[in-house]
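Colleague: Pasting a structure here, questions to come.
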């Protein structure tokens, strides 16, 4: 079937003379396992985050929990949609010519791959920026970072990711079936046109930019918290900051480890001419590494919670026999007590009560 005479069969030329093969039974099995584990993990994380959001709906942690919920929901739909398409492709013996005559499925697959790849990276960087503002500018954060503003930010991030994903379609550039015949993405075979290079470089640059922003903001947040901890003996209202920064650092590390191979591979293909012999295997390995990001993200919120960290500290201190930090600090610095202290100190009647007490004692 000659793909050059039929625009609806764009990308079918790569189906010929390909040297990248995958075992059907093993691939289908692992695809189903990854999709199931990802859906269950993200669903559990969503339940935990939504319960926490209901508890802290009007408090400083609400905006972070709302962004985190958006990230986990995005990962959930990424597993659900991309996983379902991948399983269908494997189950159909990767016969794209039979079920993709008009190239609609490949276009949908490519759009979803780009969107669900960039959107979690963008949300991770937005979460890092939000926490940096919350620690360095708490007054501005409490007045400007409301739930309505956070929802607007979530919408803008999603719309921007959708725009990047639809850019080739708007420019009448079809997504291409990759050499492994298991997924669709930008053109990675014999890239010669500047526009095809632009899409690859745009994807990799946006991904690296999101990781760089996350690293910078998390570094500023961590340094600020450590300075406050060492300068002040009062730890009220700080444990929830440390809990969130630990989660952000974990998300950043997971994203860097999982996404760096794929982003580097896209950048290399966009910058060089031709292709190396191991491009297909390298891309397939990098893609599977990136898939692990959506599986590991929810476990950051499941495992790195204050209650779990407290129990881990008890176990670690019991095994090592060293008490580096007073465990009672967790109770003193809980969000509930810190908000009570903040409410008392910020209420206008508190200063009057404090000033009136000496006067009443003098009068007596």
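The backbone N, Cα and C atoms fix where each Cβ goes, and this holds for glycine too.
TrEMBL: automatically predicted annotations, no manual curation.
According to TrEMBL, the protein carries these features:
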| type | residues | note |
| --- | --- | --- |
| DOMAIN | 41-301 | domain 'G-protein coupled receptors family 1 profile' |
| TRANSMEM | 26-50 | transmembrane segment |
| TRANSMEM | 62-90 | transmembrane segment |
| TRANSMEM | 102-129 | transmembrane segment |
| TRANSMEM | 150-170 | transmembrane segment |
| TRANSMEM | 198-226 | transmembrane segment |
| TRANSMEM | 246-271 | transmembrane segment |
Colleague: Of the listed stretches (26-50, 150-170, 246-271), which one yields the highest count of Cβ-Cβ distances below 8 Å with the transmembrane segment (198-226)?
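Modeller: By Cβ pairs under 8 Å, 246-271 leads among 26-50, 150-170, 246-271.
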Colleague: Using a Cβ cut-off of under 8 Å, list the residues of the same chain at least 6 residues beyond the transmembrane segment (102-129) that approach it.
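Modeller: For the transmembrane segment (102-129), the nonlocal Cβ contacts are 8-11, 64, 67-68, 70-71, 74-75, 77-78, 81-82, 85, 96, 153-154, 157-158, 160-162, 164-166, 168-169, 174-177, 183-186, 203, 206-207, 209-211, 213-214, 216-218, 221, 248, 251-252, 255, 259, 262, 290, 293-294, 297.
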